[in-house]
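Features of the protein shown, as given by Swiss-Prot:
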type	residues	note
SIGNAL	1-34	signal peptide
DOMAIN	35-144	domain 'Ig-like V-type'
CARBOHYD	104	N-linked glycosylation site
CARBOHYD	111	N-linked glycosylation site
DOMAIN	147-234	domain 'Ig-like C2-type 1'
DISULFID	169-217	disulfide bond
CARBOHYD	199	N-linked glycosylation site
DOMAIN	237-327	domain 'Ig-like C2-type 2'
DISULFID	262-310	disulfide bond
CARBOHYD	268	N-linked glycosylation site
CARBOHYD	299	N-linked glycosylation site
CARBOHYD	303	N-linked glycosylation site
DOMAIN	332-410	domain 'Ig-like C2-type 3'
DISULFID	354-394	disulfide bond
């Protein structure tokens, strides 16, 4: 059988996609016949055009042949088959409507797409001739001629030594390998430069001026290679981490005025203050000079302990300080005595406890009818009698704030017994 040319293309299609190239793989060389080969015509085909998978040197006495997509002869890879007797054509599950098989076993693929790239298997069956028949498999691979790649970046303006960058070589190309270049040299592997499993993605950790680029990526397959235009990262100056200075870390509630200062000072920065992870809202209580680097908090309360952070920003981004939390001294508040009931019977046990909000913890003392009894939060008198009736007072004191407070209850003890 002579070669069969693919039908001429009557419409000219401008190539915008990927060229497809056939690489030839030769198989099965029976001793009395010429070598069977498969080639693509044309050798390079544009996406949207037609390609003929032309078969040479078919053996004689054929019963038929089957084309499969891929290297496996599974049913769902079955494209089409040709039966010599009756010249019948049968289509399989992998038939797309664009394939046409000829009597010489050649396969025409029309309107080629990128999905058509890859391996094809021709299954040849000879008639039974006393030896049970002969079956041969012939495989070739249709490669994508690599397009010119481009590099996409997660961040073209990284902060020096502070930010990571992810570079990706586009497009994703089947059956191709990826290679990266930096400063015109093959990419060195360091702890700052790491590649993905496919090499298509490059991770740059903590970009410095020495690894800012230019970067290029290359897409390569067995028939071609293409390199991208260079991409250089615009390295931004490093922002030094700010810190907060404060005139008093242990202010007294409603008494001390606090002044926070965000360091360092620079005309190139914008300053932002944060409280409890939220941007500090404008409030009449909070005073901020026009540059916002200083924060003045008069009459601090226990609800304003923080944490506080300051942030410095330039037009590309910002960085926050470590948090600062205040130790606001307060109290003691008016104490509470538990339990609150005041009537007891003779012989009962008396247990009283006292509590007052205070920072640091308050000192407690008890008096009965003005006479000191003990120091501590709890007062216990077993088997009380009527002589224990009187005014019980809990006094609390905070040595840090210098404040004192007290609470009293009247306890009445009776010999009266319920019937």
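Glycine residues also receive a Cβ, built from the backbone N, Cα and C atoms like all the rest.
The structure displayed is predicted, hence computed values, not measured ones.
In sequence order, 254, 255, 256, 257, 285 are the residues of the chain that are 6 or more apart from residue 299 (N-linked glycosylation site) and have a CB within less than 8 Å of its CB. For the pair formed by residue 262 (disulfide bond) and residue 169 (disulfide bond), distance between Cα atoms is given as 42 Å, rounded to the nearest Å. DSSP classifies residue 104 (N-linked glycosylation site) as coil under the three-state reduction.
Checking Cα-Cα distances from residue 169 (disulfide bond) against the glycosylation sites (104, 111, 199, 268) with a 10 Å cut-off leaves 199, in sequence order. Residue 303 (N-linked glycosylation site) sits 19 Å from residue 310 (disulfide bond), taking the CA atoms of both as reference points.
DSSP states for the domain 'Ig-like C2-type 1' (147-234), grouped as helix (H, G, I), strand (E, B) and coil, give 3 helix, 39 strand, 46 coil. Each residue contributes its Cα atom, and for residue 199 (N-linked glycosylation site) and residue 217 (disulfide bond) those atoms are 10 Å apart. Mean pLDDT for the domain 'Ig-like V-type' (35-144) in the predicted structure: 84. Rounded to the nearest whole angstrom, the C-alpha distance between residue 217 (disulfide bond) and residue 111 (N-linked glycosylation site) is 30. Residue environment of residue 199 (N-linked glycosylation site) contains 15 other Cβ atoms, counted within 10 Å of its Cβ in all protein chains.
For the recorded site, residue 310 (disulfide bond), the DSSP three-state label reads strand.
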